[in-house]
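**Q** Let me give you the structure first, and then I'll get to my questions.
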Amino acid sequence: MSALANHSFAKMNGIGNEIVVIDMRDTAAKITPADARAVAAAEGGIAYDQLMVLTRPRLPGTEAFVSIYNNDGSEAGACGNGMRCVARQTFAGNDKTGLTFETRAGLINCWRGTDGETFTVDMGVPKFGWQDIPLAEEFRDTRGIELQIGPIDAPILHTPSVASMGNPHAIFWVDDIHAYDLERFGPLLENHPIFPERANITLAHIVDREHIVMRTWERGAGLTKACGTAACATAVSAARLRRTERKVHMTLPGGELVIDWRESDDHVLMTGGATFEYEGTLDPALFEAVA
Ligand SMILES: N[C@H](CCC[C@H](N)C(=O)O)C(=O)O
């Protein structure tokens, strides 16, 4: 039987990004990709974009090791909106001002805003090298790579910026983020051979030097109301193109984020809300078919 049967969970969202948080620090058991998929089961499951699983800390000074699953069972290296939800839950149980978590992509520091409602997550240093994203072939300048869809002489979307925030992102710059069928192009681009580990696909419109509007097709999860790492990847890519300042407001379908690409150490700080919706216990029936 899965360690998740009868385990408690919290349903949350990070500006509309559907998040389930499961704190498994009370057990040494681990979960599998099949367990993660089972939690999202259409019947009796909880529809989520990302599942954040807290297990016992491996390093001193950290609160937990956090594993991040997409609803297709694949693991993500990072999830910005999910980390704000994890921070909210963990801050609720103590009076610390800052928390450190370990993820596959490294250590992540979080702070609670003075209003108690906004959370800042240090998303680390973005990577731009083609092997870091990764891309299947060498591109020296990742501010705009040769990639397009649609007719060769009249491409519909082309020349995305690419970046890694611990997970792969491609950002297409457009005038109107709603003018494209992202549900159709998203999966094609997510699975394009140029991205050996697939990629999160964003359409972004630069409104002015301090404001970007965007929406994202997420690797392993599909269209979401918000993708925090995509907001970070978009902000740093726009700044690299010298089209925005290093601190920008981002408007996502589910809400607003502030992204600050800190000059002193190149870390990306993401600030936004995290909402608790309800908590419950996972129905053991969800895991019956799981080996
Ligand atoms: N929603 C997330 C990202 C999920 C990442 C994922 N879709 C992947 O890279 O596989 C966020 O707020 O950053």
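Placed from the backbone N, Cα and C atoms, the Cβ positions cover glycine too.
Copied straight from TrEMBL:
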ACT_SITE  C79  active site
ACT_SITE  C79  active site, proton donor
ACT_SITE  C227  active site, proton acceptor
BINDING   N17, Q50, N70, G80, N81, N167, N200, E218, R219, G228, T229  substrate binding site
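Give me the local environment of each listed feature.
**A** The Cβ of C79 (active site) lies under 8 Å from the Cβ of N17, I19, Q50, M52, I68, G228, T229, each of these being in the same chain and 6 or more residues away along the sequence.
Taken residue by residue with DSSP, C79 (active site) is part of neither helix nor strand, so it is coil.
For C227 (active site, proton acceptor), other Cβ atoms within 10 Å of its Cβ number 36. In this structure, C227 (active site, proton acceptor) belongs to neither helix nor strand by DSSP; it is coil.
In this view, N81 (substrate binding site) is surrounded by 36 other Cβ atoms within 10 Å of its Cβ, with every protein chain counted.
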**Q** Among N17, N200, R219, the binding-site residues in question, whose Cβ has the most other Cβ atoms within 10 Å in this structure?
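**A** Of the binding-site residues N17, N200, R219, the most buried by Cβ count within 10 Å is N17.
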**Q** For the binding-site residues N70, T229, which Cβ has the most other Cβ atoms within 10 Å, all shown protein chains included?
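**A** Buried the deepest by this measure is T229.
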**Q** Grab the substrate binding residues from the record (N17, Q50, N70, G80, N81, N167, N200, E218, R219, G228, T229) and give me their largest CA-CA distance in Å.
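**A** In whole numbers, the farthest two Cα atoms are 17 Å apart.
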